[in-house]
Structure formats: structure tokens, C-alpha cells
Amino acid sequence: MLSIKTLSDTFVGECWISVSCCLLLACLYVGSLYVWKGSLPRDHPNTIKRRFTSVLCVSAVAPLVVLAWTHSMKLRPSPPLWALLGIRLEGFVPAAVLPLTLTMVLFLGPLTQLAVESPRGLFHDVKAGLNCQSWSKQVKDLKWLRNHVVAPLTEEFVFRACIIPMLVPCTGPTSAIFISPLFFGVAHFHHIIEQLRFGQDTVFDILICAAFQFTYTSVFGVYTAFIFIRTGHLVGPVLCHSFCNRMGFPAIGSVLEHPQKSLILLFYQLGVLLFFILLFPFTDPTFYGMSPVCSLLLTPRSACT
């Protein structure tokens, strides 16, 4: 087994291999969505089922790409492959709880708005989350399953757990946090194809929407990449992704016209402030054990400590 020093030194002139593997995974993920013939919309049950099959197959292949990457570099990372991909037991409970709590703090404003506008609706959501029968109904809903389970799980696994370990030794953890989401953001441009196919909006509106979605998903990707590197776990990014899909983008425009906008805006600001105050304490690696990704580095970096 090669030493960590040899591992880091080897990567200096071999970044093109890492980037090529990352591009391959991004292309496989998006390309798999279009291997099926037909012209049904994305929300049609048949389309959803086929795409479930596609992304799950890509998720099964992705670890093999990471494994091939290590062999192409003639390297054998010190942590086991699954630990490197964020699948491990050490620190699992805090990795599931703390990042999700941090994300809920960030959404304190939207949660307050939801509570003010529909307290019964919020109570119903909480009650449904604790009800086994409600969960069984949700699991049978293909759109819910796609948005809250399959998409978060497969996207975070491919674009975070598999891509980041290949970038970190080449770029360093901080740069990887900002570079890896670009693969994730660009991957969402495939929605343009469907919108143009079904003529849902004008070309200009579709492009504006795509640019906004790219920005939003890239910023979100920076956040979940940060969580993945700091915690060394996949579960945190997956749960945060699922929660954000449930909440959607904050409806700030409607807040400005709300009769209780002062109260809601206060909680929006409070949520953002608390988020930045708690960001590093809640992702402190001491809660989770040494991040396997960080063990690929020659020397500790700020994102890993």
C-alpha cells in the first residue's frame, strides 16, 4: 500500500484523469435518462419508473469508476472504498442529525412563513412524518419517491460521494467544494431539452429558468460538498437534499406582500445569521471521526479540520 505522501504527490500531474472520470460520471447520469424511447413527459409514471432504473444502474456503476480511477493511478487509498464514498458507521448519528438541523435553521424564515400562513398544514406535515400509514402512502407516490428519495440519494451519491474523492487529491478540499457542484449544476441543463420538446414556455423563459436553476443547484452543491468533506458521510447531504426539495426555493417575493412581513423577514434574517454562526461548529470533524476523503491529503487543510 502506498503512503499518503506518495498518493498526494502522484496526483499533481494527473488531474486530467480525475476530471475525465468526473465528466464521465456526469454524462452517464444525465445520458441514462434519455436511453429510453418515447415522448412522455417527465412526470408520467412510466417515465419516472424508467428513470429510476437508469439512475440506480448508474449509481451501481459509479463506485466501479472510482475503483478504476484508483487503479489507473496505480494507487490504493488507505480508507476502504465504501468509507471513502461516505458509507460508514463511525459518527453516523450526528452526521444524520446535525447537518439536517443546520439546514432547517437556514430555512427558519420559510418555516415561519409556512407556520403563519397554514399552522394546520404545518402540524399535518409533522403529524404525517410520524405516522407509518402516511409513509406507506407516500412511498407509493412515484413523484414523491423521485423528489424525496431517489433523486437525493442517487444525485448525492454520484455527484458528491463519487466525484469529490477524485477531485480532492488533485485540487484540495476547498477547491473541490466549489468545483464539484459545477458537474451537478450542468447536469440539470437537460431539463431544457424536455421544456423545448413540450413547448412549455418561450425559449427565453426556458433559458432564464435554466440559468437560475444552474445557479441555485450549484450553490446548494457547494453546501452539500462542504458537508460531505467535513463529515465524511453521505447521509447528511442526502437528507439535506431531500429537505430542500420538500421546501423548494424560498418565496421571498410573497413575503414582501405578506401582512406579517416584518415578523417573517425577522426570522429569515435570524435563520441566515444562525446558519453562519453554527456552520462550522455543527460540521466539526470531531463529531464524525476523521473524514476518509481528507486522508488522501499530504497535509491537513482548513476544510478538513
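Quick reminder: no glycine exception, Cβ is built from N, Cα and C everywhere.
Taken from TrEMBL, the feature domain 'CAAX prenyl protease 2/Lysostaphin resistance protein A-like' applies to 143-245. Each residue in the domain 'CAAX prenyl protease 2/Lysostaphin resistance protein A-like' (143-245) gets a DSSP state, and the totals come to 95 helix, 0 strand, 8 coil.
According to TrEMBL, the feature transmembrane segment maps to 16-36 (among others). Tertiary proximity for the transmembrane segment (16-36) is limited to same-chain residues at least six positions away from its ends with a CB under 8 Å from its CB atoms, namely 47, 50-51, 54-55, 57-58, 61-62, 65-66, 68-69, 72-73, 154-155, 158-159, 162-163, 166-167, 169-170, 180, 183-184, 186-187, 190, 193.
Remote same-chain residues near the transmembrane segment (52-71) are listed as 17-18, 21, 24-25, 28-29, 32-33, 35-36, 77, 81-82, 84-85, 145-146, 150-151, 153-155, 157-158, 162, 165-166 (criterion: CB distance under 8 Å, separation of at least six residues from the stretch ends). TrEMBL lists 52-71 (among others) with the feature transmembrane segment.
Per TrEMBL, the feature transmembrane segment maps to 91-111 (among others). Tertiary proximity for the transmembrane segment (91-111) is limited to same-chain residues at least six positions away from its ends with a CB under 8 Å from its CB atoms, namely 122, 227, 231-233, 235-237, 239-240, 243-244, 247, 250-251, 255, 264-265, 267-272, 274-275, 278-279, 282-283, 287-289.
Remote same-chain residues near the transmembrane segment (206-229) are listed as 86, 99, 156, 159-161, 164, 168, 173, 176-178, 180-182, 184-186, 188-189, 191-192, 195-196, 200, 236-237, 240-241, 244, 249, 283, 291, 293-294, 303-304 (criterion: CB distance under 8 Å, separation of at least six residues from the stretch ends). What TrEMBL lists as transmembrane segment is 206-229 (among others).
According to TrEMBL, the transmembrane segment annotation covers 263-282 (among others).
Same-chain residues lying 6 or more positions outside the transmembrane segment (263-282) and placing a CB less than 8 Å from one of its CB atoms are 98-99, 101-102, 105-113, 116, 250, 252, 255.
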